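These notes concern the structure reproduced below.
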């Protein structure tokens, strides 16, 4: 990309004006999107206006439409809800209201509108756009605007961002606010679990979501619920008997509690509502269990946005500004959405149409079609949930393969969830599943035992590694490992862990030349806070670590804001991989994030200090700088702290914080629980097929490259890649992949921190069509 093209982004908005509004129900992460729209808009040279109180503010005008400044969006990232206010507006539904709204925009020269809201808000925006020409004609005839004003504002560009906790909008894998709502729900479920266990109770939890079962479904996966009721898939006619049998079976197997999740719009096959109270009465009457109902209500909309929602809001906000400024009269109104980890632009009305089709299909009781229209991600969640929850473990081991599961590397949140789903899917398939304690060391020493269904009960929400994990690699113990593979008749190996799990896999591949016993299929599930395993864009555990860092940064920023003129330097984990520092920097609103992948010099440090000196002259008198632990062996945290302290004398003082091992701990986030559960299920399904494929002359013999893989999330799909193929893509000295997708987000971090850089800011999301996306491979 040429310097001229880089520079073009900085002048793209000159002479243009953008208005941003939040409409409909609030959602955590909306503020991150508003902040990004304002700052990137200003960066491109445009004027940006807040529209307070949603469409109502657009109709009423006056003080509701105010110009935004860089500082006016400071300290917004960590706040829930929407700072600029939202309202459900009747006036805008009438043409008269839209006429007043058009008048208010034209008078201010605003021709670009960014709407953050649900499907209703976005449909309203599209109607407004299609009527724009007629509205201007009417205003001109009435003498409210001049011909020149009408000419200047001849067309209106509209871009939508989907902000809704329900995740009910077709065309995007995740809407802004969904992940945070799941955080609130899971916090409550975890808290309820302890009291339910104490009293051997059954809890019926009602979650929000209107006519969409996404929150209920993912909650069930993330907490291992006994049953879930969602509107898209009503239960069979005899569901009362099935439910009661399921609950009593769980108790018979030794469980002290039952959790039932109900979506607020849950219905039966005849379209009749299934309420929490109905279910409670049923359980009490038929089983006599002590049963309680908890309706979660508006708690789900509140609280601090999760790291995921802050990053999603920021990325979508940046892309929205670019889509608006690149728009022409012929460009359709679009929605910026997420597919896998890719930002994409989709025609707004195509998405709205599919969303309406879901409602129509459900009203007409075409539930299978409604499920399909929700998309691949929803379908996958449902398939995995059904597998794990609605099957009785077989009494006999019909498949009778023996698969061992182990953890390797450093402990990380979500490992236990992956072990649980691997073990249970294995048992459902009729296999014998063994668990190995303490990684490859335990495999060599024979620390191996058989796992039954109840062995992994309640593991989903527990942090760390219950099996125990070591960084030891297998090479030195091939003799003992081979002996134990024979002794325990291990025919497949599921390795859950970080970079050591991957290098261990490579060593097993090498060892096959000498030891026939090692010729068994194995699969590596990446699980590490560092997110540095080649072959996967995400690792289990990284999201939990990111949220821990974020929470700490919020508290530190609060302290700095109270003290005034203070800069905090925070050291994050990650080895040589800068993922945590970069993403936490984006989520916490850091001024800089130093990482190994982007070499920096003393001049860069000087620029950062000068930038902070300038910042202290504004109303925002605090600074936050993140440093990855191994970003530079000479520019250490102490060095940077000393440099900042010296250079900032009299202007600001500095403090440093090394976060350390708290980043590995804690209860896994909903995203990590869900991701780990799906990865475990996918890995075990692959394993059964691979063992069958490798079965020759009464024994397993697998020596092809594709019998040893890493299961990874790549853009929009879960893929199995042979470890030998990934070798070329790995920087072994620094334990990182040679190419990392998140590096393209670094410019956004710098622009949002007000650096005058000539860098390409957009992710260049192309306009796709929803039909093409549906047939794509979005699997998570």
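Note: Cβ is positioned from N, Cα and C throughout, glycine not excepted.
Record note: Swiss-Prot gives 164, 165, 166, 201, 208, 209, 210, 292, 298, 299, 300, 301 as substrate-binding, and the candidate from 232, 264, 326 in that site is 264. Swiss-Prot names 88, 89, 118, 119, 120, 121 as ATP ligands; from the candidate set 15, 25, 29, 177, the record adds 25 to that same site.
Taking 119, 164, 166, 292 as the recorded positions under consideration, the smallest Cα distance to residue 377 (phosphoserine) is found for 166. Distance noted between the C-alpha atoms of residue 210 (substrate binding site) and residue 575 (beta-D-fructose 2,6-bisphosphate binding site) is 43 Å. A gap of 42 Å separates the Cα atoms of residue 471 (beta-D-fructose 2,6-bisphosphate binding site) and residue 208 (substrate binding site). Near residue 557 (N6-(2-hydroxyisobutyryl)lysine), with the C-alpha within 10 Å of its C-alpha, lie none of the recorded positions 119, 166, 299, 530, 661. Candidate binding-site residues: 292, 661. Fewest other C-beta atoms within 10 angstroms, 661. Confidence in the region 'C-terminal regulatory PFK domain 2' (402-780), given as mean pLDDT, stands at 93.
Counting neighbouring Cβ atoms within 10 Å of each of the recorded positions (119, 166), the lowest count belongs to 119.
Sequence-distant neighbours of residue 530 (beta-D-fructose 2,6-bisphosphate binding site): residues of the same chain at least 6 apart with a C-beta under 8 Å from its C-beta are 498, 499, 539, 542, 573, 574, 575, 577, 579, 580. Across the structure, residue 208 (substrate binding site) and residue 566 (beta-D-fructose 2,6-bisphosphate binding site) place their CA atoms 41 angstrom apart.
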